[in-house]
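Pulled from TrEMBL:
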DOMAIN    9-119  domain 'BTB'
TRANSMEM  168-193  transmembrane segment
TRANSMEM  222-242  transmembrane segment
TRANSMEM  254-276  transmembrane segment
TRANSMEM  296-316  transmembrane segment
TRANSMEM  323-344  transmembrane segment
TRANSMEM  356-376  transmembrane segment
TRANSMEM  388-412  transmembrane segment
Amino acid sequence: MTFGRSGAASVVLNVGGARYSLSRELLKDFPLRRVSRLHGCRSERDVLEVCDDYDRERNEYFFDRHSEAFGFILLYVRGHGKLRFAPRMCELSFYNEMIYWGLEGAHLEYCCQRRLDDRMSDTYTFYSADEPGALGRDEARPGGAEAAPSRRWLERMRRTFEEPTSSLAAQILATVSVVFVIVSMVVLCASTLPDWRAAAADNRSLDDRSRYSAGPGREPSGIIEAICIGWFTAECIVRFIVSKNKCEFVKRPLNIIDLLAITPYYISVLMTVFTGENSQLQRAGVTLRVLRMMRIFWVIKLARHFIGLQTLGLTLKRCYREMVMLLVFICVAMAIFSALSQLLEHGLDLETSNKDFASIPAACWWVIISMTTVGYGDMYPITMPGRILGGVCVVSGIVLLALPITFIYHSFVQCYHELKFRSARYSRSLSAEFLN
């Protein structure tokens, strides 16, 4: 027996001020799980667990929910159409109403499901667990009050090193790190100049030893490089210590790049120690030169401090399907046009053939520079059919490259606004800290 006024043939659902009358027989098998639960209520306490309030005299159940969203849901469960989002209503709010009444995202139309997935992805980016407020949730856990001071200190340290706009100290630290990156890049570029290399060769002929053999302090460039490496190493170690999840820290792309940028210095030092001061490997070895040139990865460290590089990385991460599609387009077109160009320029008339198109792999180079409208001019078709094919290749390249660019562009704009939003949140906290 359902709790309610005896003898009443119907019940009234009051959802946000809108009243809906239902017969009592329909309650048990009503498609909305929350409404059907009213049939099994035996006491007023059971009723109040399902709805917000109850008027026994009028047999009316009150739900403090969105009335327009419930109207759309009710039309759907009664078979009067397909479930779509209510106009001028947030997708997440409507989805919250669906969950409340007992529906799932699978009940939505496919187009609305995609909108919901995109919206949930955006919200996950905006309100991730790394943002302000996570510490307050930790303190509410059992035993969180005792460990709150230490966690607060670790959280502050983590944000100082991970979020350049989270505090004044973080901005100072980020500025120092950027200065070290710029200095290291300047030294790397200057070391490839002929005058610089000639001066270094003269110093080695005088000392008969490498700058690494007697320690990094023999030459000014060695001193600067050692200081930069020391700073980057200390920064990486501190960030690893204060990180919440050590395994997740190691898997992050930027941290992997940091490791790739730091490791070559120590490998080159160890190779110098174990191969000797006058080693031929040290003087002209390819391995050491490759390891030293890997310092170029330090430039990517700037992504921690500049929103533009972060936007680029996030866009590539989200648009990997479009990027793969773009590569597939280019590869298919390259296979077709290279085979045709090789046939028209070299395969039909061997006496007057174009030697630049002697093979399909050689023709692939011409196709790729033509499709991208670069046109170095190092090879080009000389026959009339080949020139016509070249024009078709250029036009096809423009069209094929433009097709996925729209999706990538919209994703780039979205990622930029997301990161700007997050940066603004930390900037507000920085302003409050500065005023305090």
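Note: Cβ is positioned from N, Cα and C throughout, glycine not excepted.
For the domain 'BTB' (9-119), the model's pLDDT averages out at 83. Each residue in the domain 'BTB' (9-119) gets a DSSP state, and the totals come to 54 helix, 21 strand, 36 coil. Under 8 Å from some Cβ of the transmembrane segment (388-412) lie the Cβ atoms of residues 311-312, 315, 318-319, 322-323, 325-326, 329-330, 333, 337, 340-341, 344, 367, 370-373, 380-381, all in the same chain and six or more residues away from its ends. In this chain, the transmembrane segment (356-376) lies out of contact with the transmembrane segment (296-316); the count of Cβ pairs under 8 Å, excluding pairs fewer than 6 apart in sequence, is fewer than 3. The stretch in closest packing with the transmembrane segment (222-242), judged by the count of Cβ pairs under 8 Å and taken from 254-276, 323-344, 356-376, is 254-276. Packing against the transmembrane segment (356-376) from elsewhere in the chain are residues 330, 333-334, 337-339, 341-342, 345-346, 386, 390, 393-394, 396-398, 400-401: each is 6 or more residues past its ends and has a CB under 8 Å from a CB in it.
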